[in-house]
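Comments concern the structure below.
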Amino acid sequence: MGSSWSSEEERQPLLGPGLGPGPGAARRREAAAVLPAVGAGPGPGRVYGRRWLVLLLFSLLAFAQGLVWNTWGPIQNSARQAYGFSSWDIALLVLWGPIGFLPCFAFMWLLDKRGLRVTVLLTSFLMVLGTGLRCIPVSDLMLKRRLIHGGQLLNGLAGPTVMNAAPFLSTTWFSADERATATAIASMLSYLGGACAFLVGPLFVPAPNGTSPLLAAESSRAHIKDRIETVLYAEFGAVCLIFSATLAYFPPRPPLPPSVAAASQRLGYPRSFCRLLSNLRFLMIALAYAIPLGVFAGWSGVLDLILTPVHVSQVDAGWIGFWSIVGGCVVGIAMARFADFIRGMLKLILLLLFSGATLSSTWFTLTCLNSVTHLPLTTVTLYASCILLGVFLNSSVPIFFELFVETVYPVPEGITCGVVTFLSNMFMGVLLFFLTFYHTELSWFNWCLPGSCLLSLLLILCFRESYDRLYLDVVVSV
């Protein structure tokens with residue numbers, strides 16, 4: 001069924017017995033061009049222990065970026081009282097994340113031309129500026145709100161690197177049997193940072209409702225503002241430490257490549273974009289990733305707002321968001337490790353994950369409509385449905401990233417992942433934009449979840465997988 005989505009040449013193996021004329025010869029000659037580089041010197045296959053330190057520093061940076069991005073969603077009720085934020089302000093604070101992806105391809109060009117070190121240093125410096133801007137002490141609330149918005153925008157500009165560079169890092173530093181695991185760790189830590197915001201915010205910042213001590217209105221506002229500023233200063237300090245560590249040690253690449261794919265040449269930018277936009281198989285799987293993950297990211301950013309009508313407190317909403325993303329991170333890393341051991345199973349893993357996502361998102365949506373469906377609306381059912389949804393969707397991210405790179409190899413990893421994350425953030429931005437006008441009625445937002453998951457499931461089912469990069473590593477290295 002999937003054969004109709006690709007040309008006869010695309011369906012040929014990347015390397016075959018011989019490189020002469022015949023079907024797929026152009027792609028085989030293109031791949032064979034890397035062999036002289038591979039043969040020069042001692043050859044690829046060397047891995048270094050320092051790769052784990054590089055992965056740790058990048059993962060901490062991704063964690064901090066996700067934490068800063070999701071600072072305001074879990075404490076939106078407290079932020080309204082402390083700084084006079086409106087519903088538009090709350091939505092815009094989340095929206096700065098996808099807006100920061102507008103210069104996405106400039107960062108990916110920098111990654112491809114200047115390497116990891118320069119790109120990561122620039123990214124971490126933007127985060128230092130952004131978190132520092134939010135901490136400037138001013139008494140004028142209007143000016144303070146503008147500084148906070150500016151800080152969130154600068155942090156959003158760090159998003160393209162932390163979201164897209166994970167496959168590039170794993171290919172550069174890790175062997176073929178560790179790539180999926182490294183991609184999962186580097187990409188999942190950003191989501192884990194967003195999850196910790198659900199925990200840190202509600203635990204350190206009191207809510208302006210019955211769950212907080214009964215104080216006078218003005219003293220309560222001042223107390224909430226002081227606690228929020230404590231969180232902002234703590235995030236600023238953590239980002240400064242990470243920037244200092246990356247400045248001290250973050251090499252752009254190892255002395256010797258860990259695999260044949262790491263040593264191979266990549267296509268240039270014009271050819272890469274032409275390859276991506278003309279590859280219907282890639283466009284299918286890109287939409288299968290971008291639509292549901294974009295919807296879920298926007299939904300998670302305003303989860304507190306969504307659960308308020310069903311009388312879920314800010315603290316409970318924080319715990320639901322926290323465990324849904326933490327579960328997805330744990331399962332995502334486990335799935336990636338499984339994919340490293342059992343190769344060539346990425347499509348099957350995605351089918352299983354999105355089947356579960358479709359069912360759990362439908363369960364959550366119908367539970368919120370208990371007046372019609374008469375399903376029990378309890379803390380247990382909300383916890384279970386949200387956590388399962390987060391597990392299934394978040395754990396699919398590293399599997400998608402690996403499948404993208406395999407499908408369009410030798411297109412550079414940064415460009416490939418940049419295109420799909422740009423699409424995902426575009427969908428999230430559109431949804432959040434509509435949310436600013438229809439924030440009083442959010443049932444339509446809940447229905448977007450099962451609809452997008454079902455659409456993605458159908459696209460994955462029709463997708464014909466290929467493993468060109470893996471085939472190159474296995475055949476040439478042997």
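Note: Cβ is positioned from N, Cα and C throughout, glycine not excepted.
TrEMBL does not curate its annotations; it predicts them automatically.
The feature region 'Disordered' is assigned by TrEMBL to 1-25. Annotation comment: TrEMBL describes 52-69, 90-110, 116-136, 184-205, 231-250, 280-299, 319-336, 348-366, 382-405, 417-438, 444-463 as transmembrane segment.
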Chain residues in Cβ proximity to the transmembrane segment (116-136) (below 8 Å; excluding those fewer than six residues from its ends, i.e. six or more beyond): 54, 57-58, 61, 64-65, 68, 107, 110, 147-148, 150-155, 157-158, 161-162, 165, 168-169, 172, 229, 232-233, 235-236, 239-240, 242-243, 246-247, 250-253
Tertiary contacts of the transmembrane segment (280-299) (same chain, 6+ residues out, Cβ under 8 Å): 2, 5-6, 10, 94, 97, 306, 350, 354, 357, 389-390, 393, 396-397, 400, 403-404, 407-408, 416, 419-421, 423-429, 431-432, 435, 445-446, 448-449, 452-453, 455-456, 459-460, 462-464, 466
Which of 52-69, 184-205, 231-250, 319-336, 348-366 contacts the transmembrane segment (444-463) most, counting Cβ pairs under 8 Å: 348-366
Beyond the flanks of the transmembrane segment (348-366) by 6 or more, those residues with Cβ under 8 Å of it: 288, 292, 335, 338-339, 373, 375, 381-382, 385-386, 388-389, 391-393, 395-396, 399-400, 403, 446-447, 449-450, 453-454, 456-457, 460-461
Selected stretch (most C-beta pairs under 8 A with the transmembrane segment (231-250)) from 52-69, 184-205, 319-336, 382-405: 52-69
Non-local residues, at least 6 beyond the ends, that sit with Cβ under 8 Å of the transmembrane segment (382-405): 166-167, 171, 179-180, 183-184, 187-188, 191, 282, 285-286, 288-289, 292-293, 296, 300, 303, 307, 310, 312, 316, 319-321, 323-325, 327-329, 331-336, 339, 346-347, 349-350, 353-354, 356-357, 360-361, 363-364, 367, 413, 416-417, 420, 449, 453, 465, 469
Chain residues in Cβ proximity to the transmembrane segment (184-205) (below 8 Å; excluding those fewer than six residues from its ends, i.e. six or more beyond): 55, 58-60, 62-71, 73-75, 78, 162-163, 165-166, 169-170, 224, 227-228, 230-231, 300, 303, 314-315, 317-326, 328-329, 332-333, 335-337, 394, 397-398, 401
